[in-house]
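Working notes, structure below.
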């Protein structure tokens, strides 16, 4: 269970007793489980806020819960990646910019657009009562983190925060996490193959797009890239849920 302790401490602000795993890569198996827990809390916040009959307020509560539960670290990674990828001219300058704790213009604009778009999509999900899709987005976002950590090299030669997860990870970690995530996803979707397949396809698309982009820009992944991939995947899965509802 040390892997679970490491996963919870890495992905959330929640204090948990116990010792962490000696190999951080062993925590990757638990990422979808932690994603399920986070998703349930965020969806629960949205459900309670929807009792007011105000979808916009409920969408804000979902986002606020997500930021508070994760220290906003994935959003921070998204901002850092936006600054580095669009502000740097070469691999080294991009990595240097991403390591800078300050937020630049690309990062600020990216965050504004990210949360604006998330809010719009969440309003629709909440109005339709699609709470399983909210949870699924958070769940699959953590699966994509495992996919990138397991299949791509670490970009920084000097190491970094996520190096322990990436350098010790292999395809077996992804396969195990994938099976766990798929089982949970099917439960959330009441065993229905169409919504499960669409949600999973959106997550796969997010993983592929992020992989192609980060390999082109910096030749691998960093902690910021893993965080950004989580944010990007949440959006894709939530959007796919809205489109499925509109087409039904």
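Glycine too: its Cβ is placed from the backbone N, Cα and C atoms.
Listed features, source Swiss-Prot:
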type: TRANSMEM; residues: 28-48; note: transmembrane segment
type: TRANSMEM; residues: 103-123; note: transmembrane segment
type: TRANSMEM; residues: 126-146; note: transmembrane segment
type: TRANSMEM; residues: 169-189; note: transmembrane segment
type: TRANSMEM; residues: 193-213; note: transmembrane segment
type: TRANSMEM; residues: 225-245; note: transmembrane segment
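When Cβ-Cβ distances below 8 Å are used as the criterion, the transmembrane segment (126-146) is approached by residues 11, 28, 31-32, 34-36, 38-40, 42-43, 46-47, 50, 55, 58-59, 62, 66, 74, 169, 173-174, 177-178, 181, 184-185, 188-189, 195, 199-200, 202-203, 206-207, 210, 226, 229-231, 233-235, 237-238, 241-242, 245 of the same chain, each at least six residues removed from its ends. Annotation: stretch 225-245 has the most Cβ pairs under 8 Å to the transmembrane segment (193-213), among 28-48, 103-123, 225-245. Here the listed stretches are 28-48, 169-189, 225-245, and the one with the most C-beta pairs under 8 angstroms to the transmembrane segment (103-123) is 225-245. Long-range Cβ contacts of the transmembrane segment (225-245) within its own chain (Cβ-Cβ under 8 Å, at least 6 residues beyond either end) map to 73-78, 80-82, 114, 117-118, 121-122, 124-125, 128, 130, 133-134, 136-138, 140-142, 144-145, 148-149, 155, 162, 165, 194-195, 198-199, 201-203, 205-207, 209-210, 214, 218.
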